[in-house]
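Below: the structure, in structure tokens.
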Amino acid sequence: MATYIQRVQCISALLSVVLTTLVSCQIPRDRLSNIGVIVDEGKSLKIAGSHESRYIVLSLVPGIDLENGCGTAQVIQYKSLLNRLLIPLRDALDLQEALITVTNDTMTGADVPQSRFFGAVIGTIALGVATSAQITAGIALAEAREAKRDIALIKESMTKTHKSIELLQNAVGEQILALKTLQDFVNDEIKPAISELGCETAALRLGIKLTQHYSELLTAFGSNFGTIGEKSLTLQALSSLYSANITEIMTTIRTGQSNIYDVIYTEQIKGTVIDVDLERYMVTLSVKIPILSEVPGVLIHKASSISYNIDGEEWYVTVPSHILSRASFLGGANIADCVESRLTYICPRDPAQLIPDSQQKCILGDTTRCPVTKVVDNIIPKFAFVNGGVVANCIASTCTCGTGRRPISQDRSKGVVFLTHDNCGLIGVNGIELYANRKGHDATWGVQNLTVGPAIAIRPVDISLNLAAATDFLQDSRAELEKARKILSEVGRWYNSGATLITIIVVMIVVLVVIIVIVIVLYRLRRSMLMSNPAGRISRDTYTLEPKIRHMYTNGGFDAMTEKR
């Protein structure tokens, strides 16, 4: 059975590695670095959904049953010191409870208003009676009251026992740790010293130990004693929580070793003071330990961008600050509510965000879809660390190499230049000198002719990309419109031109003038002929517009008849 479980664990680990490798292969980091986009290797994602609860009951004053009152004066002075620390904390807790408790206006038979606790606070959220801070505090206080009976029993038992540490469980299985860190010292050191060294010497040793304990108490729990809100527990406090052995966390919390490292590294184990007992000098803390769940096959990459040159102009690619990639998804990541450890991002919910399609294709290596903006000032970064070396825009910057400050001349066909320990040990960019890592290496992707997407203004990514897409559409439409106009201009060019129309108009005017002149000439000619023959006789040989009518059967018969008459 054990062998089978080990095999299953090995297969699961192998699948996790394969998924992580596939996800990391989605983003061509070397290719993007050639246009100034720097993407790191990425970290895994863990969701902190639920938490485990623990309670710590600190007994700050040891139980002393010494003969002749040895050490009583030192204990009184120590209690006075504790009062100055604990009284403000107790008053703040009383104020918190007074603010959270909501008075019910419903009167009882004795006309005395009843007091309701946590449920009334939750019920009045919509009415704005309780603030969110009060609700949060109310939840913690309600949980404390649920465990109050168990904690009270532990307090009672602590006053009757001489054990320094007791680990119990309440009714719901939550652990309650009772700490009496001074009790072992009293039992093992002070009591034997009374018979050997005398009462005065033993009292002095007790006073020194009480002072030392107060200092250690402030070191371990000082941040928690300074407020009634949640504060991260220190490693010293965690050690006391797990019986002075922090490795026991692995066995008492239902989580893995990597998760424990993450919550400790990010200080996500929170402690809240929920009770102060000035009679017994006991302080109760509620401890919440988050339970992490890793999302398989997901990486969150940190992305940044520097300027690069293309065709003699300086440009800048707009990318989201964080990229989330999984096998079937590539988008942005909102890590505002997340915390970052060395190996992972811990988030309260899935931080995935949608990004435009053009930006997805850009991140996947299609540089023609990358949204860019033209650089007009020096605010845009000019260099960044990548693969242990430096990637820099040495056309827009002054770059030097080596201890001799040799100037670097960047090929104008390349967007950026890669500088490593092998080709340039001491790197200088605009007067800033940097030493490259000896393990750094050059980018493996060959430089090609770079083409980029539309130019946009630097503003929220989604708006800019939509504007850029609209600009592309308008430009394409304008080009098609010009083609259509050109085609139309080729159709019927000889009569659609302006010169042709003018020529036609001139010809028509000339023809009209000629006709008018001919009519005038004919009219004047006829008039002159009539004036030259006043009797109305017109010679036969003279040309006239009147028709000469002759009979078709006789030759001159009509004229003869006319002469007889």
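Cβ atoms are placed via backbone N, Cα and C, with glycine included.
Source: prediction; values computed, not measured.
Annotated signal peptide per Swiss-Prot: 1-25, in sequence order.
Model confidence over the topological domain 'Extracellular' (26-500) stands at 73, taken as the mean pLDDT rounded to a whole number. Annotated topological domain 'Extracellular' per Swiss-Prot: 26-500, in sequence order.
Annotated N-linked glycosylation site per Swiss-Prot: Asn104 (among others), in sequence order.
The region 'Fusion peptide' annotation in Swiss-Prot covers 117-141 and rests on similarity to another entry.
Annotated coiled coil per Swiss-Prot: 142-170 (among others), in sequence order, evidence recorded as sequence analysis.
What Swiss-Prot lists as N-linked glycosylation site is Asn245 (among others).
For 269-307, the entry in Swiss-Prot reads region 'Leucine-zipper'.
If you look up Swiss-Prot, you'll see Cys338-Cys347 (among others) marked as disulfide bond, on the strength of similarity to another entry. In the three-state DSSP reading, Cys347 (disulfide bond) counts as strand.
Feature annotation from Swiss-Prot assigns disulfide bond to Cys362-Cys370 (among others). Around the Cβ of Cys370 (disulfide bond), the number of neighbouring Cβ atoms within 10 Å comes to 26. The DSSP secondary structure for Cys370 (disulfide bond) is coil.
Residues annotated as disulfide bond in Swiss-Prot: Cys394-Cys399 (among others). DSSP assigns Cys399 (disulfide bond) to a strand in the three-state reduction. All protein chains considered, the CB of Cys399 (disulfide bond) has 25 other CB atoms within 10 Å.
In the three-state DSSP scheme, Cys424 (disulfide bond) falls into the coil class. The local packing around Cys424 (disulfide bond), expressed as other Cβ atoms within 10 Å of its Cβ over all shown chains, amounts to 21. Under the heading disulfide bond, Swiss-Prot lists Cys401-Cys424 (among others), citing similarity to another entry as support.
Residues annotated as N-linked glycosylation site in Swiss-Prot: Asn449 (among others).
Swiss-Prot lists 466-491 (among others) with the feature coiled coil, giving sequence analysis as the kind of evidence.
According to Swiss-Prot, the transmembrane segment annotation covers 501-521.
Residues or ranges marked as topological domain 'Cytoplasmic' in Swiss-Prot (evidence: similarity to another entry): 522-565.
Put simply, of the disulfide-bonded residues Cys347, Cys399, Cys401, Cys424, the one whose Cα is nearest the Cα of Cys370 (disulfide bond) is Cys399. A 10 Å cutoff on Cβ-Cβ distances gives Cys347 (disulfide bond) a total of 22 other Cβ atoms nearby, all chains included. In this structure, Cys338 (disulfide bond) belongs to neither helix nor strand by DSSP; it is coil. Considering only the disulfide-bonded residues Cys347, Cys394, Cys399, Cys401, Cys424, the residue whose Cα is spatially closest to the Cα of Cys362 (disulfide bond) is Cys394. Sequence-distant neighbours of Cys401 (disulfide bond): residues of the same chain at least 6 apart with a C-beta under 8 Å from its C-beta are Pro407, Ile408, Leu419, Asn423, Cys424, Gly425, Leu426, Ile427, Gly428.
With DSSP states grouped into helix (H, G, I), strand (E, B) and coil, the region 'Leucine-zipper' (269-307) comes out at 0 helix, 32 strand, 7 coil. The distance from the Cα of Cys399 (disulfide bond) to the Cα of Cys338 (disulfide bond) comes to 37 Å. Neighbour counts were taken at the CB atom with a 10 A radius for the disulfide-bonded residues Cys338, Cys362, Cys394; the maximum falls on Cys362.
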